[in-house]
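According to Swiss-Prot, the features are:
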{"type": "BINDING", "residues": "Ser100, Asp241, Asp243, Asp245", "note": "Mg(2+) binding site"}
{"type": "ACT_SITE", "residues": "Ser100", "note": "active site, phosphoserine intermediate"}
{"type": "MOD_RES", "residues": "Ser100", "note": "phosphoserine"}
Amino acid sequence: MRKYFGTDGIRGRANGVITPELALKVGQAAGLLFQRGDHRHRVVIGKDTRLSGYMIETALVAGFTSVGMDVLLLGPMPTPAVAMLTRSMRADIGVMISASHNPYEDNGIKLFGPDGFKLSDEVEHEIERLLDADLQKRLSGSADLGRAKRIESVHARYIEFAKRTLPRSITLEGLRVVVDCANGAAYRVAPETLWELGAEVIAIGTEPDGFNINRDVGSTAPDALVRKVRELRADIGIALDGDADRVLVVDEKGQRVDGDQLMAVVARSWKEDQRLTQPGIVATIMSNLGLERYLGELGLGLVRTAVGDRYVLEYMREHGYNLGGEQSGHIIMSDYATTGDGLVAALQLLTVVQRQQRPVSEVCHCFDPLPQVLKNVRYRAGEPLRQDSVVTAIEGARQRLGNAGRLVIRPSGTEPVIRVMAEGDNRDLVVEVVDEVVEALRQAAA
């Protein structure tokens, strides 16, 4: 049982769970663990736009420098940019301070190895062991402390990286693009990248104030984007989340395009271009059965993993896949990046749109998703899923669905929430079984 790390780093209420003391210890523990060889060790630190980012950044700097590591500060940058710059700047470790799509009150710490990949469970376990240890005797002497330096021009480096994922022959000229940056980490780089590629860009969610990240904007709140796309008759809307590792697209009609549909478009395009390294893609248990059926028609398979982009990526790396992701919009293209990258995923879709010279609605309507219902049940303590009444409700729901659908029950890895998802050909039945399980969970959690 892990004490600090969830499925996406350490996350919780800022100054409640994520305290300066914890951040200091994380810097010391990770700094000690990743000091290998005799060279001068360095860590790259980026963050999103939450007010608490200043506090956590400062504490991390103290932790890393106290064990002799030099710190390179990037300021507000997308998570995939931090991963990329960790590799590019030959750092021993990378850190992203973010709670992704969560509200500003939360924050988190994500760690990357020198290769830009998220840490394995084993490495995180070793860091947890050090977090609970007395490290005082392992701190550096006065002459061996690290230094901190703020790095300039990092935005331009990431913009150039993102642009290079498009073929040289492709421009975005003639496209009117609305991009919603969630008042988060991509508020500068996303609009600039799209503009440099030739698009007419209308940007929203680009005025962070420390409190408004993800508030009524971004990939988890796309209504503002939908309205703006319709109002301006834009060709496409692109919504990123707070740290820009996930994306949701809106077509010219204001219809939402989720991660499943994005993966379908890219999988078809890459199959035609013979770019897929395996005859299929990797997704999670939450991806729609319609995606699986569509890929089957193309002669491609769908491998499902546990929920979490880290598990998708682990399977991709172990089995040689170069395309995978989540319905929520984490799209991983290992030809380009070591983590989900919302901007790069959107650019790959725009590549297909420009090549085919068709509206986004036509390009993205690959399959009809099966009716799918997802509800969240919040609980305070205990294990509601172990209650007899809940077990009985789940068994009954699965029997009612039979072979005509799927039921997925899973606890969130980042918050005290249980997610209940069902899908099938009969929407009324799907709604009924989800409501039955949700009611049982609510009673058990009361």
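Yeah, the Cβs are placed from backbone N, Cα and C, and that goes for glycine too.
Note that the coordinates shown come from a computational prediction; the quantities given were computed from them, not determined experimentally.
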Once the chains shown are all counted, how many other Cβ atoms turn up within 10 Å of the Cβ of Asp241 (Mg(2+) binding site)?
-> 34
Excluding Ser100, Asp241, Asp243, Asp245, please set out which residues of the same chain place their CB within 8 Å of the center of the CB atoms of the Mg(2+) site, keeping sequence order.
-> Asp48, Pro78, Thr79, Ser98, His101, Gly184, Ala185, Leu240, Gly242, Ala244, Arg246, Gly340, Gly342
Within 10 angstroms of the C-beta of Asp243 (Mg(2+) binding site), what count of other C-beta atoms is obtained when all protein chains are considered?
-> 35
